[in-house]
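Novice: For Asp9, Asp138, the entry in Swiss-Prot reads Mg(2+) 2 binding site. Look at Swiss-Prot and you will find Asp9, Glu52, Asp74 tagged as Mg(2+) 1 binding site, backed by sequence analysis. Annotated domain 'RNase H type-1' per Swiss-Prot: 1-146, in sequence order.
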Amino acid sequence: MPDLVAYTDGACSGNPGPGGWGALMRAKDGDTILKERELKGGEADTTNNRMELLAAISALEALDRPSTLTIITDSAYVKNGITGWMHGWKRNGWKTSTRKPVKNVDLWQRLDEAQSRHTVTWEWIKGHAGHEGNEKADELARAGMAPFKTGKRGKDG
């Protein structure tokens, strides 16, 4: 069975401001890429963290059956949230340890639901450090943001 990897990234011009997300999905056999799919989208008024979350959500929601995959993100916010903080948030009724509402709770809950159908390994890598898959996800995120920087609207995947 091939390895499934998703590189995800978000981008924002201003924070908040126009933003985009990108995901590069790859089925691989060792170093050989068997299949590749590019996803992207954006919003007119958003934050970088929301775009990072939407990139991961979109990668998971694009899968048409339960899968085992690795999601590679340059967002410590997403990686730490899904692998650590979320357990406490759920236990506390989606409140932080200081009893404040979790920011972006709508997307965290959607990510939790999307992940529940799959077996996911989460990896963090340094952004803008020459990782080919991450650089491509960044390009997709910027392309997803582009229509919103000029006032146009669009999404494809």
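First residue shown is number 1, and so on along the chain.
Any Cβ shown, glycine's included, is placed from N, Cα and C.
Could you place the listed features in the three-dimensional structure?
Specialist: A C-beta separation below 8 Å, combined with a sequence spacing of at least six in one chain, links Asp9 (Mg(2+) 2 binding site) to Trp21, Gly22, Ala23, Glu52, Ala55, Thr73, Asp74, Ser75, Gly127, Asn134, Ala137, Asp138, Leu140, Ala141. In the three-state DSSP scheme, Asp9 (Mg(2+) 2 binding site) is classed as strand.
In the three-state DSSP scheme, Asp74 (Mg(2+) 1 binding site) is classed as coil. Asp74 (Mg(2+) 1 binding site) is surrounded by 21 other CB atoms, counting those within 10 A of its CB over all protein chains shown.
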Novice: Report the member of Glu52, Asp138 (the binding-site residues) whose C-beta atom has the most other C-beta atoms within 10 angstroms.
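Specialist: Ranked by Cβ atoms within 10 Å, first place goes to Glu52.
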Novice: DSSP on Glu52 (Mg(2+) 1 binding site), three-state: which is it?
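Specialist: Note: Glu52 (Mg(2+) 1 binding site) is helical by DSSP.
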